[in-house]
């Protein structure tokens, strides 16, 4: 009991000292310094003093996608990027990392600074995002920082690689946040297939304010046996960590975080991110899971074509065993009729 009381006291203190999330309508005076247009989006770059932002404004939302402090490029402007690093306590020395959604390349840059030998693959559907990241945010790709311009669903269906950590941060300018086909039972099952057998984990940036959050949270619980929610600033962003092979107690999370902090000397406090864990997380467990439609259409941007898949299971046509705590504890099955 004393441990949990201490937990909530520390959590309250950390919440009170966190920096507020950067907003478009803040006291800073931002100036438009560049933009790129495509069939997919209108991308704009704004700057105020040392803060530079990548915004999506296709639908007039003026939504901040990524931000960087040019004076401190390895410090996260938005807290969620630090929170997503929690995945490292499941795999402290990742060799293969997959990131879904490039943005301005902030998360890959931070990961590269701490893990220079890791192979980092980034899947981004919009080639203009890559151009903007290079031109305005000094993002650089190389033999160990590989950007794949493709729909993430297509890449994951066809990938033969296994990843120690997968970071999912794809984003749309709608009240759905993550593109629908990147949050269904089928997609999460496909991610499970490419997770490393000896401790692969998935870390997703979700937004509770979106209309389908309860269904999405139920879907994660349906597919993954062990999943945890870490609450971001303003009780809006959640970093959902999903694992197949390993359940970790809160005390073990803290111990691993302290150990990794001592080794890596992060520019943020990893232990402070751990105490954001929602011990008694609440969502509507009567919600339906998110499923693919009868046919799934995926954009192949490299070859300018649209691909169609049967979307009731994995592309291999095998039975998918789903081991989530939310529904059935590993006895559920979703069968592909192919």
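Cβ coordinates are placed from backbone N, Cα and C, and glycine is handled just like the others.
These come from TrEMBL:
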- 1-16: signal peptide (SIGNAL)
- 11-259: domain 'PABS' (DOMAIN)
- 169: active site, proton acceptor (ACT_SITE)
Cβ neighbour count (within 10 Å, all chains shown) around residue 169 (active site, proton acceptor): 22
PLDDT averaged over every residue in the domain 'PABS' (11-259): 88
